[in-house]
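Below you'll find the structure, written out as structure tokens, and then a few comments.
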């Protein structure tokens, strides 16, 4: 639903603060624990949830998210179960936007039309599919938009002025600026470079620009949130899950609470990065 996403960003703009966008891996380390994490995210201050779709060959992800995907797959997580996670979450939360993030192969195998219908029924608001370039928009992007599901595109430091309009052409919901080249979990980029990149993208679109890669602490969220419409945190959350598990990768009574504690701190940082509210 594009309306839920648009409403959330409008509310945040009125409040004069950036969104805190939190990523976690669906099914890590098991279904019930990941549902508990998902429910805890908004309560801890997350404004938008990115729901990871586990995949056996996640080429753009760093070691932490790769391991999270492996734990989820080992626990029996499937794309169908990841959609069910969203549906179960929606039973008690109809306000927080959910963006599914992952790779095209599981969606292709599931069936594009069936996936989009099931995603819509589960309350999914947007998709980020990292290995589908704009040249393949007819595969999933255009059908998703026709169904009313946002298709969020990634921009990087190497997305130049010539390429940017192509990247943004069918993008909706928000633009996800990957603040450095490489895999997820890298170090925090230079804030001045991030600010310049956000302004450059905004010259080409009216969509919100959210920045990810390298954000791990409340201070990071505050610094990056000072120039962006949203701050995306993924690896830090996935690591928090991992460190709470038993030696054999099972959840403990502390797993959900450990994530909630981290997100509360990140939320505090993001909320202190005051943006200029709309007149």
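Backbone N, Cα and C define each Cβ position, glycine as well.
Within 10 Å of the C-beta of residue 50 (active site, proton acceptor) we count 27 further C-beta atoms, all protein chains included. Under the DSSP three-state reduction, residue 50 (active site, proton acceptor) is assigned to strand. Annotated active site, proton acceptor per Swiss-Prot: 50 (among others), in sequence order.
Annotation source Swiss-Prot lists active site, proton acceptor at 61 (among others), citing sequence analysis. Residue 61 (active site, proton acceptor) carries neither a helix nor a strand DSSP state and counts as coil.
If you take the Cα of residue 50 (active site, proton acceptor) and the Cα of residue 61 (active site, proton acceptor), they are about 14 angstrom apart, rounded to a whole number.
The local packing around residue 61 (active site, proton acceptor), expressed as other Cβ atoms within 10 Å of its Cβ over all shown chains, amounts to 24.
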